[in-house]
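S.K.: The annotation transmembrane segment is assigned in TrEMBL to 33-51, 71-93, 105-123, 135-153, 225-248, 260-281, 288-310. The domain 'Major facilitator superfamily (MFS) profile' annotation in TrEMBL covers 40-314.
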C-alpha cells in the first residue's frame, strides 16, 4: 500500500489519505468545552439513566407488583424479560432511525417510547398492560443505547469523531442549520470555518463511497474484528447479568440477606467500579480492564451458583 493511500473500511476501495483533504482531527480548530456541549451531554446521558432505572426497577418492586396484581412467578418472569425483547427490537432499528431523523430526533423517539411505557406500567391493572409497558420501555432503551454514545462522542471529542458534529444535518444539505448548530456548540466567538469545511469534505466522501453492505462484514479481513466484537456482546449476555439484576431481591432473600441492604450494596459497588473504569481506562487500556472485569464476573457467578448448590444440597 502506498504511503499516501489507505484502504477504507467496508467501502472496499483505495482512497486518498491526504491529511489536508480528509483529516477531521487535525488543524488548529478550537475544541474547548462550552456550556452547550456540557448541557447537551448531560441531557443525552440521562437516557442511560432511564435505561439503568428500567433494568433495576423489576427487582425491588417484585413482591409488591406480584401481590397487587396477583401474578405468579412465571408471569412476573415475562414482565422482567419483556424489556430485553423490546431492547432487541429497538436496537435493530436504531441506526436507521438515527440516520433518518438525526441523533436528537432518535433520542426524542426513545423518550416517547419510555414515557408511554412507564405510564402503561403505572396505570396497569393486569399482566398484559404491565408487559406492554415494559416492552415499550425496552424499545426506547434499545434506541438510546446506540444513539446516546454516538451523539456524545460526536459533540465532545476533538479527534475524527468530534468532527462528525452535526454530520447528520450536513449530509442532508441543511447548510444554515448545520453551521448554526456547529457555531452554537463551539461558542459564538469560535472560528468554525476549517472544521465546517472538513465536515463537508468528509460528508461528500461518505456519500460517494456508501456502497458497503452487511455482506461486506463477513470478508476474511474482518474475521478477527467480528469474532471479538460479537463475542464480547454475546458472552456478556450469557453471564446472566440481566437475570441477576431483574431478580436481585429474590436472590438476596433466598440467601438470607435483607434485599434492601443487598440491592444498595450492589448499586454502590457498581457505581464505584464505573468510576474506577473511567479513571483508569486511558492509563491501563481497554483490554486489561476487560480481562480483570471478566475474571471478577466469572468468580462472582461461580460463588453465587456454588452457594445455592450447597444450600440445596444441605
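A Cβ is built for glycine as well, from the same backbone N, Cα and C atoms used for every other residue.
Help me picture these features in the structure, burial and contacts included.
M.R.: Residues 54-55, 58, 62, 65, 110, 113, 127, 130-132, 134-143, 145-146, 242, 246-247 of the same chain sit 6 or more residues outside the transmembrane segment (71-93) yet have a Cβ under 8 Å from a Cβ within it.
Proximity of distant same-chain residues to the transmembrane segment (225-248), defined by a Cβ-Cβ separation under 8 Å and at least 6 residues beyond the stretch ends, is recorded for 55-56, 58-59, 62, 80-81, 84, 217-218, 259, 262-263, 266, 290, 297, 301, 304.
Packing against the transmembrane segment (260-281) from elsewhere in the chain are residues 56, 59-60, 248-249, 251-252, 289, 293: each is 6 or more residues past its ends and has a CB under 8 Å from a CB in it.
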